[in-house]
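Peer 1: Pasting in a structure now, in structure tokens, and then I'll have a few things to ask.
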Ligand SMILES: Nc1nc2c(c(=O)[nH]1)N[C@H]1C(S)=C(S)[C@@H](COP(=O)(O)O)O[C@H]1N2
Ligand SMILES: [Mo]
């Protein structure tokens, strides 16, 4: 199976958007010349993915640990200490441990991938992430037989996360995936954007990215990963179960109770902020639809 979203660039020294875009074009040309088997549809989809600007990606955020305003994260996330950083991996694994983030980075292969990103609030971006596959990290820990889910936790540190002094959320922020979703090759841990280290407001030093699900599944600044046989209750499901479920797969046909999910507002789209149709599984239907075969997606939202 060809993962057309996977960019094979390995270098991490891409420091500006123009250079990044040039390299993408060069890579595209090189791939075509080498006779890579890309379908016409895949080429069209790749060409349609124009990355959102660095400024929009890093200044329009949701990260409630720093406040609920879109510009609260960029204003206040600088207070967060991200080094040293420890990620506890526990539960049904062969090698439970407190893993130092630097050691994780040494063990993982970082690559760049351009993914669509769709928030449940009906806005979207296209983000060039750097990171590694979650499956590779889980392999380091050794997932045991009988495991069914992965539970993720964000840091709880009210002294540096000013939004945590409000308790409308039962901190820490929690998310979860089914094991097969977690092991899917599209699922990544992002550690950078545009080849730079990921800014605090985007979830430094390491955040989940699940491109076919609404943005709230992509939990930031992760400190704990638990392999379990029990379905985790994620933060948004806990807050408002009639509006936010466990799956949160992007689906233009299943509306949020309070708004349509059929279209999305493109962030950075200019003066008229165009709306575009939302795609089933955010455009990753071919890769992930089989994970949900036979499920009623209006019931498992
Ligand atoms: N810990 C934590 N992770 C989080 C959130 C949050 O408030 N706290 N917000 C989520 C939501 S609703 C979205 S849309 C994305 C936003 O990611 P971005 O700011 O990098 O675009 O992060 C998700 N991850
Ligand atoms: Mo979101």
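Note: Cβ is positioned from N, Cα and C throughout, glycine not excepted.
When I checked TrEMBL for this same protein, it listed these features:
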- 61, 64, 65, 119, 154, 202, 207, 218, 219, 220: Mo-molybdopterin binding site (BINDING)
- 82-236: domain 'Oxidoreductase molybdopterin-binding' (DOMAIN)
Peer 1: Ranked by the number of other Cβ atoms within 10 Å of their own Cβ, which of the binding-site residues 61, 65 ranks first?
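Peer 2: Highest number of other Cβ atoms within 10 Å: 65.
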Peer 1: Looking at Mo-molybdopterin and its recorded binding residues 61, 64, 65, 119, 154, 202, 207, 218, 219, 220, figure out the farthest C-alpha pair and report it in angstrom, whole number.
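Peer 2: Binding-site diameter by Cα atoms for Mo-molybdopterin: 19 Å.
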Peer 1: What is the one among the binding-site residues 154, 207 whose Cβ has the most other Cβ atoms less than or equal to 10 Å away?
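Peer 2: Neighbour-count leader: 154.
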Peer 1: Near residue 219 (Mo-molybdopterin binding site), which residues of its chain come within a Cβ-Cβ distance under 8 Å, counting only those 6 or more away in sequence?
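Peer 2: Counting only residues 6 or more apart in sequence, the Cβ neighbours of residue 219 (Mo-molybdopterin binding site) under 8 Å are 152, 153, 154, 173, 174, 175, 203, 207, 208.
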